[in-house]
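Following: one structure in structure tokens, then a few remarks.
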């Protein structure tokens with residue numbers, strides 16, 4: 001039987017520590033609305049995922065064998081992380097075979113400086129990139145290639161600072177929002193190829209997310225202030241100042257919880273729109289850098305400075321497994337459209353693509369420099385990404401390019 005190193009980072013059942021030598025993990029159920037069944041104050045769950053020994057497969061095999069011995073128990077208010085070993089073989093071979101014939105990468109010159117963020121529109125027809133050169137570029141997907149490169153009408157200008165992050169509307173394929181260091185948020189309409197709104201904020205913005213219902217844009221700045229903007233009126237409707245380093249922000253798919261990752265390795269979960277603290281998860285021993293929800297709404301994943309990616313059950317707030325193949329802090333992660341694949345990248349010279357249900361490697365993409373951003377296409381196995389590449393003729397200059405992996409091999 002094949003061995004799976006990263007079966008579960010830290011999992012154990014309440015009261016079973018004497019039979020399974022793993023770190024205890026306890027978590028309570030979330031109600032449909034988000035923990036409203038409890039009147040207690042916010043709780044901190046010390047669920048610290050840790051990579052299993054990378055040097056030997058024996059550790060993973062031991063964990064798998066012990067999990068098979070676990071009795072089924074029902075604990076009121078608690079649940080145990082269990083693993084279906086049959087699903088480990090799922091369709092891993094099928095995925096690996098697919099990328100053997102779909103491993104072509106197309107490189108596109110987009111900017112005059114490094115690309116900080118890439119993202120697909122909800123219908124998958126457009127790919128946007130934001131850059132240190134203060135511009136936004138829009139490309140159109142035409143079968144197995146991108147078009148729009150090098151034409152002025154596909155370059156959006158107006159920001160006075162670096163475009164650090166962008167995000168598309170969840171259901172409107174023409175609307176794009178960008179966060180910049182110029183203390184503003186801009187909303188762009190790809191149909192008119194113009195900026196439809198500019199919202200002035202209080203600080204240099206570094207991250208942005210659009211709510212699943214499309215009504216609100218949240219933007220975080222370097223001073224750890226998160227601003228909530230009404231996407232229809234373009235007015236600021238709420239602000240929340242945090243006393244800790246806020247790295248990345250996101251709503252859950254139901255739009256009733258708001259998540260933040262911080263510099264202490266924690267995930268803060270707030271009710272929305274009340275913005276009341278519900279839970280604090282101690283997710284990593286190092287800085288928690290990025291967070292992403294899978295399209296099915298079942299999972300979310302976090303990337304950390306400890307070089308780990310941890311996968312979590314949304315309803316139970318339980319860590320299911322970790323991905324530990326990278327060696328450097330994980331900067332960016334993305335789920336595929338069907339939730340089967342998870343891409344993660346760092347300063348490692350590969351982008352890791354793992355199977356969500358098993359944690360096993362499907363394929364890795366070799367790169368020549370640190371990767372800043374990755375984004376799966378919303379309906380296809382196409383991965384857009386951007387690295388800290390340098391110009392081929394002048395190594396002091398940024399290449400300003402983005403790449404798309406997954407086209408059919410020639």
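Placement of Cβ uses the backbone N, Cα and C atoms for every residue, glycine included.
No curator has checked TrEMBL annotations; they are predicted automatically.
Some features that TrEMBL has for this protein:
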- 108-149: repeat 'WD' (REPEAT)
- 156-198: repeat 'WD' (REPEAT)
- 281-322: repeat 'WD' (REPEAT)
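Beyond the ends of the repeat 'WD' (108-149), by six or more residues, the same chain brings 155-157, 159-174, 176, 178, 180, 182, 188, 190, 193, 372-380, 382, 384-386, 388, 398-404, 407-408 to within a C-beta distance below 8 angstroms of the stretch. Sequence-distant contacts of the repeat 'WD' (156-198), counting only residues of its own chain at least 6 positions beyond either end whose CB sits under 8 Å from a CB of the stretch, comprise 116-123, 125-126, 128-138, 204-214, 217, 219-221, 229, 231, 234. Residue counts for the repeat 'WD' (108-149) by DSSP state, with H, G and I taken as helix and E and B as strand, are 0 helix, 24 strand, 18 coil. Computed over the repeat 'WD' (281-322), the whole-number mean pLDDT of the model equals 96.
Counting residues of the repeat 'WD' (156-198) by DSSP class, helix then strand then coil, yields 0 helix, 24 strand, 19 coil.
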